[in-house]
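Visitor: Have a look at this one.
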Amino acid sequence: MTDIFTKPELDRRTLLRRAAAVGLLATPAVSMLSACVGSSDEGTQDQATGTKSADNPLGIDAKAGVEIVIFNGGLGTKYATDVDTPLFNKKWPDAKVTYSQTEEISTIIQPRINAGNPPDMINNSGSKLMDFGAIVKAGQAADLTDLFAAPSLDIAGKTVADTLVPGAVEQGSYDGKPFAVNYSYTVFGLWYNAALFKKNNWTPPTTWAEFTALCDKIKAAGITPFGFAGANASYYMVRALLTSAGKIGTEQVLKDIDNLKEGAWTNDAIKQAAEAWAGIGKNYINKTFLGLRHTEVQLQQNQDKVAFYPCGSWLENEQAKDTPSGFEYAIAPYPSVTASDKLPATAINAAAGEIYFAAAKGKNPQGGKEYLRTMLSKEAALEFTKLTKSLTVVAGASDGVTISPGLTSANDAVTKAGKDVFMGYLFDTWYKKLDDESRAAANDLMFSDYDAAKFCERMEKASQAVAKDSSVTKFTRS
Amino acid sequence: MRHGKYPFIIGFLVVPVALYAIFVVWAYIQAFYLSVYEWSGLGPVENFVGLGNFRKMWDDTLFWQSIKHNVFLLIFLPIITVILALIFAFLLNVGGGQKGGVTRGVWGSKVYRIIFFFPQLLALAIVAVIFGRVFGPDKSGMINGLFPESWQPWLFLADERYAMGCILVVLVWQAVGFYVVLFSAGMGNIPTEVYEAAAIDGASRMTLFFRITIPLLWNTVQVAWVYLGIAAFDAFALVNIMTVDRGGPDGATSVLSLMIYRNAFEFSQAGYASALGVVLFFLTLTFAWVTLSATRRESVEA
C-alpha cells in the first residue's frame, strides 16, 4: 500500500510542480488503493427485522433507526433531507432517520465498512466514490432482489422494478443479482434552442437527408449548424457517433465494442455512422471548435451561434447561469442514418447513474432498502427532479409537470422512444486507453481528414491492442 | 579537536542523505524494478515480463512521436532561450556603452530587468491557462482578436503543424527572464577593465559581445544549456493544461512526461509508465553528459 509513495514517475525532481499543476496530489490515489474492502465475516451484528406484511413488504422493524449517508455534490442533499426523509417518516414515524452528508464518501464510509459498522443506506458517488464492484465482491452490499420485487410505494399494482425505465435494474446488477439503485437518469441526444428553431420554422430532423438539408438552411442563416468541443469534450462526439451506429445495427454493435470483439469497429454499422458524421464534420462544423473547451462551445450555443450540440441532459443545468431568457433547451434523438436502421428514429441513448445501496452488514439493512423504496416512489422522484433538474429512473415520474423546457423535452424523448431506449457502451470507463484513442480519432474524423475507413481501422487496431494486452483487466457484458 | 570532526560532519549529513536516499534514490530503484513488470498500479507486483515493456514501447507510435517532440524542444528551447537571454543581458548591462569609465545598460535597463523576470514569478499552471487564451483559436483568442474581422482565425494549438511551436513559444517566454538574470550576474563578474581596454582599442559593441562577453561567460552558458535541456524533457504542465485533448490534436504535442503520467494514473499501466520513466532517465543523463563534454573548453580566466 505504500507503493504509491514511490510511484515510478517520481524519478524527476519536477514531480511537485507537476502534481500541483494538475491539482492532483497522490491523496486520491491512496484512497483508491486502500479500496480493498475487508470482508470480515466475524462479528455480524444483530440486524433489525420485523414481520413482513402487505403494508411492510420488506419486513422492517418499525421502531429501528435507519442511518443514511448522502454524497454532497452536484445534486446537493436537499432531496434527502427535505423530501425522502419526511416521506419515509410519514410512513414510519417511529423509525428515526440519522442523516449525514460528506464530500468524500470513501474517506468516511470505507473505515466504517471495514469495521463492520456501516450506515444502512449509502450514496456512493463523487470523485472519491468507492469501487462498487469491490464492495459487491466483498459481500458488503445487500442483495436488492426483494426491494425490486416489492410493490411500489405509490404506484398501485406495480412492483418497484416495473416502475423503472428499461435497463435500470440491470445497470446495478452484478452477475445477475441487483445490488445498487442507479437513481438519476441521463438522456443523450442533439440539443438545440427550441425558441430559435420555432422562430425560423425549423423542425428537428428524423432522417439524415433532413438533417443535412436543415444544416444547409442553418448555415445559410449564418449559424454554425453543428459543434462539439475538441479540446476536452470530443467524447460527446464519440457518443453521438456510436449512438448512430447503435441505431443502425442495434445495441449489439456497442456490446461487441465493449467486449473487444474482433471486427467490432469495422462493423458496417460503425462505418456507416462514421461516414455520415464525417460528412457533417466536413460541411457544417466550425474548425475553431477543435481548440475550444466544452463550456466555450456551449456558451456559443447559448448565444445562438451554434444550432446542434451533442450532449447529455445535464447540459441545461450546467449552462443555467449562462442561458439567456428566451432560450429553450430541447433534445432531439439522433436522426436515422439509413432507411434500414434497425432501431426507429425515436430510439434514444439514456443511462442511469448515481449509485445508492444498502449495506449488507449494517444494523438495519431492511430499513435501508425501505428508504430506497421511498426514494423510488413517484412522489420522491418528482421532487428529486424538481430540486436537482435531473431525471430519475422512475419512469414517467415527472410526466405532465413543467420543471424546465430541457427536462420536459428529455422526458418526452424517452417516452416516445418507449422500448427503444438503450444504455449504450461502457468501454470508455473500462478501458481508458481505448477511450483516449476514440477521442483523438473522433477529432480527426470530424475536424481534419473526414476519413471513415481510417477511423474504423484505427479504432479496430487500438481495440485489438487492448484485447491482446495482458496487463489490462478485461470486463464483459451481454 | 580532531576526533570530534567526523561525528560533526555526519550529524549534518545524516538527515539530508536519508531523505535523499528514501525519496529520490529509492524511487529510482523502484522505477527500474517496476519497469520489468506488468503492473496496473494496484495490487501485488508479480507478473515479470523482462524487457516486454520496452518492446511494447518500441512498437508504440505515440512513444516515437513524443520522443520527436522532446527532441524538437531539446534543440530549439536552449538555442532560442540562450540567444535571447544573452542579447537582453548584454543590452541591460553593457549595451548602453560607457560613461565616465563605467559600462552601462541601455536606457531604462533597471525597469526591463524586472519586467523580464516577471514570467518567472508565475506558476507554470497559470502561465499555461493564460497562454491558452492568448492562443485561442477563434476571435476570442488574444492574438486572433488583433487580426481584422475578415481574416480566417489562426488555429494555433488546434493545428497539428503549429501546436508544438506554440508550446515552445511559451516555454521560451517563461524561461528567458531567469537566464537574463543569470547571465547578468555572470556579466557583473567580468571586470570592467577588460571592456575598457577593448573599447580603447576601438572595439564595437558587436566585438565586445562576441570577443569578450561570450568567452568569459562560457561556463554560465554551459550550465544554462543543461538546465534548459532538462526542462525540454519535461514540458508536462504546459502540454497537460494547454493542448487540445491533452497532447493532441492526435498526439501532435505529446511528450514523454505526459505519456508517463497518463499511463501511470489514467491507463492503469504503472509498469509501462516506469519503463518510460527509465528511458527518460537515460535520455536526460545522456543529454547532460553529451552537452557537458561537447562544450568543455578552457574557460578563460579573467
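Indices start at 1 and increase along the chain as displayed.
Any Cβ shown, glycine's included, is placed from N, Cα and C.
Straight from TrEMBL, here's the annotation block:
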DOMAIN    B:67-291  domain 'ABC transmembrane type-1'
TRANSMEM  B:7-29  transmembrane segment
TRANSMEM  B:71-94  transmembrane segment
TRANSMEM  B:114-135  transmembrane segment
TRANSMEM  B:162-182  transmembrane segment
TRANSMEM  B:216-239  transmembrane segment
TRANSMEM  B:272-292  transmembrane segment
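Neighbours and distances for these, please.
Guide: Away from its own ends, the transmembrane segment (B:7-29) comes close to residues 281 of its chain (Cβ-Cβ under 8 Å, at least six residues beyond either end).
If you look at the transmembrane segment (B:71-94), the same-chain residues 6 or more away from its ends with a CB under 8 A from one of its CBs are 103-106, 109, 112-113, 116, 164, 167-168, 171-172, 175-176, 179-180, 182-184, 186-188, 195, 205, 208-209, 213-214, 217, 221, 224-225, 228-229, 231-233, 235, 255, 287.
Tertiary neighbourhood of the transmembrane segment (B:216-239): same-chain residues 70, 73-74, 77-78, 81-82, 85-86, 124-125, 127-128, 131, 167, 170-171, 175, 179, 182-183, 185-187, 190, 194, 246-247, 253-258, 261, 280, 283-284, 287-288, 291-292, 295, 297, 299-300, 302, selected by CB-CB distance under 8 Å and a gap of 6+ residues from either end.
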